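Visitor: Before anything else, here's the structure in question.
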Amino acid sequence: MFLEKDYLKLKIKQFLPEFLSIYTPSGEEYKAKDFFEKIASELDLSLQVTSTNSYLLGDGDILLVGHVDTVPGFINPKEEGEIIYGRGAVDDKGPLISMIIAASILNKNGYSVTVGALSDEENKSKGAREILRIGKKYDYIIVGEPTNTFGVVVEYRGVIHLDILCRARSEHSSSATSNLIFEIAKKIINTTRINTGYDDVSIVPTIFKSGEYLNVTPSNAVVHFDIRYSVRNSKDQIMSEIHREFEGCEIHEVEDISPVKVDVNSDIVKVFMRSIIKENYKPTILRKRGTSDMNILKDLALKGILAYGPGNSSLEHTDHEKISLDEIFIATKVYINAIEALWPKM
């Protein structure tokens with residue numbers, strides 16, 4: 001009964017609109033506590049609320065992990081037929097509901113799994129870092145991000161966030177012999193790399209601050225760079241080039257998350273590909289240009305990690321987030337089939 005389409009769709013319609021009605025931007029995941037207590041009780045899953053306001057449902061050696069937080073900007077949930085709209089429908093509440101329903105069915109069938117509904121993924125990944133600090137290892141970790149329902153993500157790029165502070169002597173603008181803004185602008189132009197290929201380093205300035213007075217050249221300037229790089233790039237080389245260009249400036253590394261890449265011939269990837277085929281769809285291998293909790297959690301996976309989930313990834317972070325019952329139904333079946341196939345390999 002549990003795998004019948006009507007039953008699964010009924011559960012999705014029961015849980016997802018309510019979840020979407022709870023506005024949980026990063027830092028406000030605590031608002032979902034009552035919801036998780038309710039869903040855990042109804043689906044007979046144990047529940048642990050952590051210090052970062054993440055929620056752990058069930059207890060097993062396979063971890064299904066998604067995130068509770070969304071980007072800012074509430075969207076009133078609505079339903080049109082079998083389409084559900086709302087902030088987080090795609091990223092990441094739709095995939096998370098799919099995982100929780102799959103986990104409840106798997107646990108009833110004797111396959112013990114844990115669902116991690118983590119906090120702060122859209123910010124500094126406090127939830128994932130907390131799981132990393134706890135240190136429990138899992139045989140397999142599946143990260144529930146929207147992968148267009150038929151995609152399997154085997155690679156995410158890493159990220160480096162840099163704040164660079166440069167100083168100079170300020171002068172009256174009418175008789176200035178130099179200008180820090182002009183000098184730093186040249187360095188920014190020399191450093192920036194946009195519209196690059198996947199395996200090329202992307203270096204994008206996102207914040208620039210300088211100057212205090214209308215008639216005085218600035219004494220300091222701050223630029224923030226968002227740097228993305230793949231496993232084929234060297235962080236040391238990237239940083240060496242930055243230090244050379246901004247010699248004499250203070251360079252502060254705000255965040256560094258290393259890239260992650262999974263062997264396409266690994267058991268977990270092949271099993272998920274077969275599970276999608278089993279549902280009569282053609283799977284695709286994906287490489288994501290951004291970064292996710294998969295980068296942070298990779299060292300906790302003893303045998304394999306990947307990302308898979310329902311939802312059109314092009315709708316992430318937009319005001320048009322929507323997901324269909326069919327997408328979540330298919331993903332739920334894929335999660336169940338894949339974990340049942342992985343179980344003998346543990």
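Just so it is clear, glycine is given a Cβ too, placed from its N, Cα and C backbone atoms.
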Visitor: Write down the one residue from E79, E80, E122, E340 that Swiss-Prot lists together with D91, H317 as binding Zn(2+) 2.
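Guide: Candidate in the recorded Zn(2+) 2 site: E122.
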Visitor: Name the one residue among H67, H172 that Swiss-Prot lists for the same Zn(2+) 1 site as D91, E145.
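Guide: So the Zn(2+) 1 site in Swiss-Prot includes D91, E145 plus, from the candidates H67, H172, H67.
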Visitor: List the residues in the vicinity of the Zn(2+) 1 site, defined as same-chain residues other than H67, D91, E145 with C-beta within 8 angstroms of the site's C-beta centre.
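Guide: In sequence order, the nearby non-listed residues are G66, D92, P95, L96, E121, G144, P146, S292, G309, E316.
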Visitor: Cβ-Cβ under 8 Å from E145 (Zn(2+) 1 binding site), same chain, 6 or more residues apart: which ones?
Guide: G66, D91, D92, P95, V153, K288, S292, M294, A307, Y308, G309, S313
Visitor: Measuring Cα to Cα, how many angstrom lie between E121 (active site, proton acceptor) and H317 (Zn(2+) 2 binding site)?
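Guide: Rounded to the nearest whole number, the Cα-Cα distance is 13 Å.
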Visitor: Setting D91, E122, H317 aside, what same-chain residues sit with their Cβ within 8 Å of the center of the Cβ atoms that define the Zn(2+) 2 site, listed in sequence order?
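Guide: So the additional residues around the site are T70, V71, G88, D92, E316.
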